[in-house]
Amino acid sequence: MSSTKSGSSKYSSGSSISLIMGFSRSLEKGSFGVLYAMIKGNTFPRILTILSMLIEFCQLSSFGFKHQYPWGGDAGYYLKRIMSPVSHPSDVFGYLGFTILFWIAVGLLILGFLNIWYVAYQFYRGKIANIWIIRTLRWFVSFSVAVLFIPIISLLLIGLDCEGSSEGTILRKFDNETIQCFRGANLPIAVISIILIVVFSIVAFTSSATYYEYDTNVKSRFSKPHARFDVTVLFAKFVFAFFNSLVDFVPWLTSITFFVFMVILTFGSIIVLPYNNQRLNQVRSGFYTVVLWVSFMTLVTMGINDETSPATCYITIVGVFFAFPIGFFSNMFYFKWLSSKVSDIQILNQSPSMDLKDANKKGKRNSVEKESSPTSKVTWGKQPITLGSKRQIIFPFFKKKFVMSFFVEIMARSILNNNNEGVSSSSNESIERANNLYQCGLQYFPNSDLLWMAYCNFLFTVRKDRHIGYAALEKLRRMKPSFDVRFFIYQRDKEREQIMDSDLRGPEHTGKIQDFVSYMEFKKLYYGAKRHHVKCLNYIKRFWGHLLHETVDLHRLSDLSGRIATTENKANESYERLLALNPNSVRVLRDYSQFLEEVVKDKESSYKLQKKAEAIEDIMSKSQTTDFKISDIKAIDSDEDDIEKTLQEPTAIQLAKIDADIEKSGSKSGSSKSKDDSSESSSSSKGRRGKYKEFQQSNAINKLSWLMIGTTCCCIIFLIVVLVVFRGLEVKHTNAYQGIISITDCANEAVQMGMHLNAMQAYALVAGVGNNTVEASLIEIARRRALVKRGIIIMKNIHDAIYWGEGNPVSYVGDNLSQLKARDGYDIFDIGSVIFTFDQFNRSSTLLDNKQMIELYSQPSVNMSVLVAPPGSNTTSLYTQTYNAWKAGNAFIESAMLASDVTFDELRYSVNQNPNFKFVTINAPVIMPDIYNKVQTAYIDSLVSDITGTLDAILYTWCGIFAVLFLICAVLFRPIVRKISREKIRTLVLFSLAPKDVVVKLSTKKIKMVSLDSGSERDNLFDTTDDDGRDDHLGEDDNNIQTPVGDNNNNNNNNNNNNNNNGSISSNVTKSDGEIGSDGVRSSSGSNVLNTSSPYRDRRPLMDSTSVLASTATLNNRNVRLQAKDEEITNGGGERKGSDATRTALSEDKKYGWDGKSKRNLNKKSLKSILGRLHWSYILATFLLFGFITMGIWVTFTVVFNNSQSGYTLGKSCSRSLNSRVINYYVAELYTYSQYVSTQNMVDAITELQSSHQSLPYLEEVRPLMEGSYGCWALNKSTCLPPSSMYYEEVNSGLDRVVDSLAKKAINLAYTDQAALLDSPDLQWFLALIDYIFIGLDTATFTYFDYFLEKQEWANTVLTAILSVSCVILLVVHVVLFRPFMNHLRIQHIHTLALLRLAPDDIRYMEVSDKVIDED
């Protein structure tokens, strides 16, 4: 019982171990597949190797200048800023930036790992992954390991860099944000970081150990004998990143670690000499010596620990210039010393023809002589061709203890390098010396897998001895080598497998498939070509099988013919690409030859390819190795001009495009016509080509296709133009908003100037009266005078900007709006300091071109009041004079300039008789606002008119484009579609006329490939991108039902007989008299069904046979074929000599319902319905095109039109602000003792204020200001009302209540007695709050302005999105509808031509009447 348990436990343990070992082998196989796909022929080019070395130098140097080291002085500060600006890029952005960067890196790494897993899985299954996936994998591993290893590891370590605190364990990098280390949001980051560090490190170390070029013959890349030193460098990088990320708070530990590892790397780079290129080794050693110097000075800096002294910095910088040459020359001297050890090695001068025994004897004598000499270091014994298993060469240097096995490879490298430098007189002698050195080294280091790997590499790449190389490889395999050596063996095995497939690749070093990925792509392409080839033959067989039915479905025939043409085209393209990659592949040449013969019917080109394949095969069979000379192949049959041309240009065998130009095909075929044809036949052939050209629609389809491309491009360009126009309107609309505010502010300044002049007069009148001192009045007058002068400049600039058409009047506003815009981020300049000249305006606005604006600025339409004060008279009167808007504004500004300069005495005594002063004060409250209100209205109307005109132009243009589209459909599409459809039916009807024996023979022909691949099942191992796989089941009923023999066994037997009777096709068709004996149909002039005629009559053939096969050589004479057929009929041997399959099919006529003589039923309805859908296709596509564009334009029209009305709303808000100033003007007049006070004008201004205020929309953006939640709206917050103010509650209730109070109090003041006016609380309310109200109303206006600008930007975004989507939709409509439609037309035409290639000559020249086509 116990023994049973023990046995079972042993069995379980053994099975577990075997499972583990099997899994490890599977894992190794997958990883080796990934590495091989990634590495083969695609290691770093020279320039990338140099760049990666420079990046590595910078990364390693930066570890000496981290933040924890006390580099002193400004020099130390800048060194740390330059060499190590940040610990990691994520530190710059905080924890949020680190998180974003972390997940981006994680996503890219996961994609890379998935890529690795996919490639490994495919290789494990024996497949090859997609080519682009392999290329992506190469760049991912190369870039992430060689360049980004330190940044990625450092980034992953940031989430693990924790420290303890009172709040728990937090991330040390972001201690100010208090991020918990293994809790909350950082927990998944920490877990994923640990996993990715392990996985990424495995990937990095594995690729570093294997990702290198070992072939010294490759000149485009730097080769290496091994990559173990690179693994050491990568480990040092990992340690540096780990220590500087997690323990950087212990600078002594990081600095010592830095120094120790740099000592190892520096001496390692000198001793190991990792690259075969010695100059690169020297440069690398120089870089490592520089970093070693930096690490040493880092220790010195830590010891001094003085952050004020820059001495160590300067010493470090100076020492760099000495450290590099020290490392450089140390490497060079070491290599020379090691090379000098082999300088005395001598080899026997053996001629190539020398007998091996004689050479051994001579070698023995020389070795004895050399051993007797005092300078001899090497003893040569007898040296047969072996692997060094016996100690026959004595080299005392290898007995020394410090000598390591890799010294042998370095010394052999020096021997070969000396040969390259011209030291050795013979290349073969150097190779033999190196070989002997390797064998000597293997005797002293027999267990060194590294040395055996170097020796195998030498045999394969340098000595070119594959036999001994593979023997050495097997020896190495039995040694249980390390991982990198096992991968080297795997590489050589794969290369051997690739070489063994020579019948597919052809001779080595020819073609373009030396790269592994290119080779696998070549194989994948080859199996795809075979698949298409076989499918094409199957479809041809199905096509003829369907014709055995009594009722022939033309739709099924059309479908099969389409598949024949499609697979033929794919196979042809695949074969041409294969020959372009490798023109000497025997298997491809044979398969392509068969394809040209059986499908394309191009026998001459097929013969050329077959002959070339036989010649190459003969050379390859005679050769004992895989080394070929391409000149041997190119010399095949060089005496024949046509074959020579074929061999020199393998891709010159071009199939004629099935839709090629008929004129070119006709000219080529005409030159190859047989001389036996009569002149009448030649002229008849030209006539047939001319008639065929009438229905040949290739050129028409191409032109129509380009026309549709042009039409779609025009529509897209139209939408782009519309978008540009609408964006231009948006800019114009935005500038118009600016202009509306500017116009109102111009009127505001005019009203304010009038009020200030009245105030100046009032202060002059009350000077010295009561508490009003003269000094105080003068100060107030001076302040008001400065405001008037500034207002004049502002008004002048705005007035000129509007008239001259300033394109961007954003700065042309009053002081309140200017501050509001500046606070909101607008670029504002001061317009109140200097008057701008004409040249300083950009004058790009076109709104002034409106008729209404032109009339307003050029026609007298404004009545201005002018004061009449005759000299010497105390009476004054007012006179009305008509101005235009431009002259009125200029007159007002000029008068204000003069009025602002009046003296104190003039203000006090004689200003009422000053016409300039009174011109301003009288016209300011009514006339000037009225002028600018008209200008504003005309300005807005001009904008709306411009928008409406643009929309109308776009609409009319689109209607014209749609009309053109409709004409294209009616005039071009319909005739071409109808013509192609009818010719399709006409061609299919012809096949129903084929003799039955021909149909039976072609439907039972056995499909057999010439080139049989022993690994034919391997094509199932390759992924396919074919989209015709789903069509393989189409017509399976044809194979089952339409087979003329009852069972498949009979089929196969009969097919064998058919191969011997390819030329015997029974036919009763007689071209001379137009009879078809087997079908019982005789052509006659009165027949409406079928008409045949002689070549001398005007018949309408579907295609000239020589036109279809334009690339073929001279065809057999048609008269000879007809004569042969007549002889067969005459001798009566057609049926007797027919195949068994033909006799069997004829005996089973009843099974198919057609006896071969009676007329068959043709089902044309389904095909006609399908072809009829073509008309609906282009109609639907056209209306979709029209619909999408119309919908996009309609939406954009709606958005633009709605926004165009927003100018009126903004104008009302501006008018409300203007009316408040007019009201304030009249209130000021009430206490300035003015004799021109008009109560009615004041009431009108109040009414307009209320009207504007009540009609403005209640926007969400304005609601806080109106309801009081906005707070203090003063521009200067120091002027806000304190809570202790008696007006605080009223103002705090919102601008809506304040405006209402303004209107009510202004009405009260208008009807208050003059004597009680000064004591009125309403007047005190005005004096306290009016400036505050102005700012509030201006803020409301700016809010409306900003709202409409945002709405305009949103509309612009919507317009851009809609029109962009419309452009994409148009492109999609073209790609999804128009392009497939044109391709469908072209395919229908191509299929028609492909059908003609299948048509026997017996029916090809027949004419089918229109009645047969039209009948159902």
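Backbone N, Cα and C atoms are what each Cβ position is placed from, and that goes for glycine too.
These features come from Swiss-Prot:
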- 47-67: transmembrane segment (TRANSMEM)
- 93-113: transmembrane segment (TRANSMEM)
- 140-160: transmembrane segment (TRANSMEM)
- 185-205: transmembrane segment (TRANSMEM)
- 231-251: transmembrane segment (TRANSMEM)
- 253-273: transmembrane segment (TRANSMEM)
- 315-335: transmembrane segment (TRANSMEM)
- 356-377: region 'Disordered' (REGION)
- 662-691: region 'Disordered' (REGION)
- 706-726: transmembrane segment (TRANSMEM)
- 953-973: transmembrane segment (TRANSMEM)
- 1018-1103: region 'Disordered' (REGION)
- 1024-1039: compositional bias 'Acidic residues' (COMPBIAS)
- 1048-1062: compositional bias 'Low complexity' (COMPBIAS)
- 1083-1094: compositional bias 'Low complexity' (COMPBIAS)
- 1119-1144: region 'Disordered' (REGION)
- 1179-1199: transmembrane segment (TRANSMEM)
- 1325-1345: transmembrane segment (TRANSMEM)
- 1358-1378: transmembrane segment (TRANSMEM)
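Taking pairs at least six residues apart, the transmembrane segment (93-113) and the transmembrane segment (185-205) share three or more Cβ pairs below 8 Å and count as touching.
Two recorded stretches are said to be in contact when at least 3 C-beta pairs lie under 8 angstroms, sequence spacing 6 or more; the transmembrane segment (1179-1199) and the transmembrane segment (253-273) fall short of this definition. Long-range contacts of the transmembrane segment (140-160) within its own chain (CB-CB distance under 8 A, at least 6 residues past either end) are made by residues 38, 44, 48, 52, 55-56, 59, 87-90, 98, 101-102, 105, 109, 111-112, 115-116, 171, 173, 181, 186, 189-190, 193-194, 196-197, 200-201, 203-204, 207-208, 211, 234, 237-238, 240-242, 244-246. Using a Cβ-Cβ cut-off under 8 Å and counting only residues 6 or more beyond its ends in the same chain, the transmembrane segment (185-205) has close neighbours at 99, 102, 106, 109, 113, 116, 141, 144-145, 149, 152-153, 156-157, 159-160, 171, 179, 231, 234-235, 238. Contact between the transmembrane segment (953-973) and the transmembrane segment (706-726) is supported by 3 or more Cβ pairs under 8 Å, counting only residues 6 or more apart in sequence. Within the chain carrying the transmembrane segment (1325-1345), a Cβ under 8 angstroms from the stretch's Cβ atoms is held by residues 737, 741, 744, 814, 816-817, 820-821, 824, 1209-1210, 1213-1214, 1216-1217, 1220-1221, 1224, 1227, 1256, 1259, 1261-1262, 1265-1266, 1273-1275, 1279, 1281, 1287, 1291, 1295, 1298-1299, 1301-1302, 1305-1306, 1309, all 6 or more beyond its ends.
Within the chain, the transmembrane segment (231-251) has long-range Cβ neighbours (under 8 A, six or more residues past its boundaries) at 56, 59-60, 63, 66-69, 87-88, 145, 149-150, 153-154, 157-158, 160-161, 172, 201, 204-205, 208-209, 257-258, 261-262, 264-265, 268, 302.
Only pairs six or more apart in sequence are counted, and the transmembrane segment (315-335) with the transmembrane segment (253-273) gives three or more Cβ pairs under 8 Å, enough to call it a contact.
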